[in-house]
Amino acid sequence: MTHQMHAYHMVDPSPWPLTGALSALLMTSGLTMWFHYHSVILLLLGLTTNILTMFQWWRDVVREGTFQGHHTPIVQESLRYGMILFITSEVLFFTGFFWAFYHSSLAPTPELGSYWPPVGVYPLNPLEVPLLNTSVLLASGVTITWAHHSLMEGSRKNMLQALLITILLGVYFTLLQMFEYYEASFTISDGIYGSTFFVTTGFHGLHVIIGSTFLLICFIRQLKFHFTSNHHFGFEAAAWYWHFVDVVWLFLYLSIYWWGS
């Protein structure tokens, strides 16, 4: 065994970056096959490979940080910077969608009748399901903060309770969004309004599903006593991500549902 004289974690050789890249190739190729040839076999193979890769890669990270003690304070600081950069990239990702929406809505083209929303499109009422969804996500922001404070104070029971409520609120939000899509009178093919609406809200919904899964993993880990009051970056990263999802929804609600309608 080699002996290191520094606090950094030298990662062991791993096959997961290779299988992750392969799964990305399979998924993108599978999407093309699905769109043009109506075959989902390659897409399902890519999704399966991707899920298996993520599970085993994050399993290794949990082992290294929780059981082997490789996540020293300086490593945790690096992970924090990495998460901040990741969330920053996500902010820019959604900025592109908001830019497309405002570019189209502030100066509607003659093809749209120089009017927004376009003629023939009947927007959703912002005071119905969208307002309920806003309340649900704001409540989940409160409960995830409650969970974080409970963890810092060493109250495991309250932390688990608050985290479970947050996960249930995330699932409830997703179900409401599905109901909203089902009831909408327009589709993604209804011009620029339909495409910007469904792409922006759809990607946000995907982030809610990812965040709910992230929190569910944290819940399972806490059941196994993985987190302490001074060693819980996995949960902290999930909380940051969830707050980011909340803030994006507020901008989305005010821009697309309220002002855009």
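Just so you know, glycine gets a Cβ as well, placed from its N, Cα and C.
Per Swiss-Prot, the feature topological domain 'Mitochondrial matrix' maps to 1-15, 67-72, 224-232. According to Swiss-Prot, the feature transmembrane segment maps to 16-34, 41-66, 73-105, 129-152, 156-183, 191-223, 233-256, an assignment based on similarity to another entry. Per Swiss-Prot, the feature topological domain 'Mitochondrial intermembrane' maps to 35-40, 106-128, 184-190, 257-261; the stated evidence is similarity to another entry.
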Open item on the list: Per DSSP, what is the helix/strand/coil residue tally across the topological domain 'Mitochondrial intermembrane' (35-40)?
Closed with: 3 helix, 0 strand, 3 coil
Task: DSSP helix/strand/coil residue counts for the topological domain 'Mitochondrial matrix' (224-232) - done: 0 helix, 2 strand, 7 coil
Task: Residue numbers, six or more beyond the limits of the topological domain 'Mitochondrial intermembrane' (257-261), whose CB comes under 8 Å of its CB atoms - done: 101, 105, 116-117, 123-126, 130
